[in-house]
Amino acid sequence: MIIPVRCFSCGRVIASDYGRYLRRINEIRSEGREPTAEEIEKIFDDLGVERYCCRRMIISHVDLINEIMPFS
């Protein structure tokens, strides 16, 4: 659905980092390739997302809001 505002485990605000993360991932994908694990790690380091629980929240999020909207 929509990215949670805070990490479920530690309570850190992650919603503001999600948009910047997506932008950087989409820049890599616009080059016609998928991001490597090292590139994803560097993106998180640049954003200041250090804890693995916060990284998990961002990486595992699936944005389904556009698929659900037609049914409301």
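Glycine residues also receive a Cβ, built from the backbone N, Cα and C atoms like all the rest.
Features reported for this protein in Swiss-Prot:
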{"type": "BINDING", "residues": "Cys7, Cys10, Cys53, Cys54", "note": "Zn(2+) binding site"}
CB-centroid shell, 8 A cutoff, Zn(2+) site Cys7, Cys10, Cys53, Cys54, site residues removed
Phe8, Ser9, Gly11, Arg12, Ile14, Arg51, Tyr52, Arg55, Arg56, Met57
Far apart in sequence but close in space: which same-chain residues, 6 or more away, have a Cβ under 8 Å from Cys53 (Zn(2+) binding site)?
Cys7, Phe8, Ser9, Cys10
My understanding is the cutoff is Cβ-Cβ under 8 Å with a sequence separation of 6 or more in the same chain; which residues meet that for Cys54 (Zn(2+) binding site)?
Cys7, Ser9, Cys10, Arg12, Ile14, Asp17
Neighbouring CB atoms within 10 angstroms of the CB of Cys10 (Zn(2+) binding site), all protein chains considered, total 12
Kindly assign Cys53 (Zn(2+) binding site) to one of the three DSSP-derived states: helix, strand or coil.
helix
